[in-house]
Every structure is written in structure tokens, then in C-alpha cells.
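Single-structure report; data block below.
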Amino acid sequence: MRARSHTELDTRPHLDSLETCSSNQNELGFHLRPTSHVSWIKRHQDDMIVTPFAQLLASLKNVRKNFVDLTRIPPEKAKRTSQLNSGQTAPPNFTKMITTAADDSSLSQAVATLEELDWCLEQLETMQTHKSVSDLASLKFKRMLNKELSHFAENNTSGAQISNYLYSTYTDKKEPDVDLSRGLQIDENTMITTSKTLDSSISSATLMGQIAGVHTTTFTIANPVPELGVETPNVDELRCLLDHINDWGLDTFRIEELSGQRPLTVITYRIFQERSLIRTYGIEPHTLISYLLTLEDHYQTVPYHNKAHGADVCQSMHVLLNASALEGVFTELEIMSAIFASAVHDVDHPGVTNQFLINTKSDLALMYNDESVLENHHLAVAFKLLQADERNIFSHLTAKQIKNLRKMVIDMVLATDMSKHMQLLADLKTMVESKKVTGNNIIMLESYDDRIQVLQNMIHCADLSNP
């Protein structure tokens, strides 16, 4: 059998898939597998498999099935090696594989070949899909985006500008990209001037070692803490709205009005109450309100990435965590980490993109080496605010719990970098499809990589879901 080249596998359209895909899907949905395998894959799963690694697994399983049929290996000898030798990590000694004295040499060779194929399949099925193999899917998705944006950019200058923005925002610049900005003129002097103004608005810090944006704020908090977290003359109406905290599409803007411009505080406080996190982790209500008010005060007054957005993402994450499919999946610490990460994910956002900060050589870009600049800054501010005793809501956690929480929060907030969009989709879809192909209809999130991968996609979804 002739080996297919990378180009053939990557770009060859498959006509058999027209039966189940729309014309628009087929125009872009080229599959990394031979055409003859499509029908088997459709029988194997209700939906089409599109990620390259999962397609590879499906194709190899089909090869195994056909090999058994063609060689007529007896059923007792056709069982998967993994079923007989669970836990085997090295290739079996194929030279010692002798079937029976009555078997002819062809059958012996067929059985030995099947054993080797089974071992290869087992290694692939247990391979970590979160990193390298999902890059195949990420590159495929990026090529699809390139194709669409290239057509759009050819129409006019505005199209080129929009295309350039979309590509730079939703793809990781570490990957090779396509120049979509032909004819696009950028006034670098204007950008640098704007950057200087921006730097002054981000921070009053004079040293690079200091965390920009952090300032001292003093609040007078009633004792005991008000029922809804803040004092307001609109208690009844605000309580009525917060009673729908578990519903998708909560009116965050109305809550902002009724709470005296404190939507993030009242929504996050209500979620901590709803999930009994205050009691579970011994959090003092006064300490929690002090932290939330300070956090909210560090959200800048910008058109989109403001405290209303932070509140909305936090509530959206709360609703997603309530999905029936996720019941009992995550621990209380993982849930609290997800809620906290959602609340802090855009604190002190200046209202410009990472790419703008990098292009203008902003102090923040220099501090974080051009890598997820804003997301690293949001994390630094959020954890810095916890250092004051009166705001340390995690003071009763063990050292191990704090370490785990911090790692999860960092991983989740960094996932809100929009340039990671394609990689997040590729990682998740590759993981899900690969588990389906191996016969796991129920996807178990047993490893940290699998669990954080789902949480990262959830916070990314919450970040994109709101008004």
C-alpha cells in the first residue's frame, strides 16, 4: 500500500461525506483519512470525526478489522492484545509468538502481525492528546480560517483590516501565519503615542518589579455584612433578580444599576453562598466582601472589559458548572477555583488587545515577554490583592489546597487569551473524539490535564457568551 503524503491527507476532499455534511461543511471540512473509511466511521459514531488524531485511530481500527476478515484469523486469536496483556508498556516479543503446531506459517505470521498492530493501537489510544497530536487539528482549523479571511481581505481595505485583526486575535502568533495585511498602512508614531498614554493609565508604578494597576482602597463595610453583600435601597428588586442566579442570561446590567454599580460583588457573593463555599472553606463574609469590593474597584471603566463583564462571566461559569453532564465531576476546590478565576479574569483591563501592547512596546509587554500579556497581568493583580490579611479569602486553606487553587486559576485565566482560541478547540475536540474512537462512550475526566482542559474551555465559553 502506497503511503499517503502529508499534502494528500490534509487537503483531499472526500465525496462520500456529502451524504451527511452540508455543502458548506464539505467546502471546508476536508478530512485526514482515506475516502473508503468514511462509511465505517459513520457507522462507528453518530457524528463525523474531524480531528486528525481521532481519524488516525479510527482508520487503524478499520485496518485491523479488515485484516482479521481477510486473513480469517480465528475469533479466539483475534482478541485485542490489550485485553489479554493489560498494563503492557513495551512491544511484545513477536519472535516468541507461536500459535499451535497445526497452524501454517501464513496464519502464524498473520497472528504475529495482528499482535503488533494491537500494541501500536494501544500506545496510540493511551497517548496524551492534550498537546502535540491536537496541534494537527489546530493547524487544520487555522488553515480553514485563513481560507475564509483571505477571500474577505481581497474585497477592500476595510476587509483586509478586519481580516488582519481577526487572525491576530484568534490565533497564536507563535505559529506561522499568512500575511493578510497587504496594503494595510499603520501609523506607528500614533501607536507609540497612544501607548505612552496607555502606560500612564495602567499604572502609577515606577519600577518594573512592581505590579501595575494595584492601588490602595479603603471601604466601610457594615457588620454584619448586608444580606446581598452591599447596602442598597433596592433590596427587594435586587433580591428578586439574584434569585435567578442559576439561570442563563441573568440581567447583569440591571443588577449593576440596583447594586450601586457593584454587580461583580453581589453576583460573586451570591454564588459563593449558593454553592456553600463560604461554609466549606471557612471564609469570613466580611473578608470576602472586602476582597470583592477591592477587586471590583480595580476593574477599569472601559466599554467592554469592565466589572459588568467580569460579573457576567462569573455568573455564566456558575451556570455552566451546573450542567447535568458535569454533576459530581469537579471537586469543591475546582469549582471555587473556576468561580474565582472567572471573577478576576479581566481585572485592570485597559481596553486594548495584547497585540496592541506588544506592537507599542508597552511596559506590560516587556514585563511578561509578549506572552499572554493582559492575562498574566490580571492574575498578578488578583493574587496581589489577596496578600492583605483583611482580603485573604483563602486563609483557611491548606498549603496544598492553595497551591492547587493557584495552579488552576492561572491555567484558566491564561486560557482567556483569545489567541489560544484555535488551540483550545483543537485540544478539546481531539480529546473527545479520541476517547470516542477507543470505545469510551462515557468520557472520564480522570487526569488533571483532561479536567483543566474542560474548565479552560468553559471559562473561554463564558467569556464569549455575554453581551
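From the backbone N, Cα and C atoms, a Cβ is placed for every residue, glycine too.
All annotation found in TrEMBL is predicted automatically rather than curated by experts.
If you check TrEMBL, you get these features:
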ACT_SITE  HIS305  active site, proton donor
BINDING   HIS309, HIS345, ASP346, ASP463  Zn(2+) 1 binding site
BINDING   ASP346  Zn(2+) 2 binding site
DOMAIN    230-467  domain 'PDEase'
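Shown on the structure are the features that TrEMBL records.
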residue : record                    : Cβ neighbours (10 Å)
HIS305  : active site, proton donor : 21
HIS309  : Zn(2+) 1 binding site     : 22
HIS345  : Zn(2+) 1 binding site     : 28
ASP346  : Zn(2+) 1 binding site     : 24
ASP463  : Zn(2+) 1 binding site     : 20
> Do you know the mean pLDDT across the domain 'PDEase' (230-467)?
Replying inline: 94
> When the Cα-Cα distance from HIS305 (active site, proton donor) is computed for each of the binding-site residues HIS345, ASP346, ASP463, which gives the smallest value?
Replying inline: ASP346
> Taking the centroid of the Cβ atoms of HIS309, HIS345, ASP346, ASP463 (Zn(2+) 1 site), which other same-chain residues have Cβ within 8 Å of it?
Replying inline: HIS305, GLY310, VAL313, SER342, HIS349, THR416
> What kind of secondary structure is the residue listed as 'active site, proton donor' part of, going by DSSP in three states?
Replying inline: coil
> Per DSSP, to which secondary structure element type does ASP346 (Zn(2+) 1 binding site) belong, with helix, strand and coil as the options?
Replying inline: coil
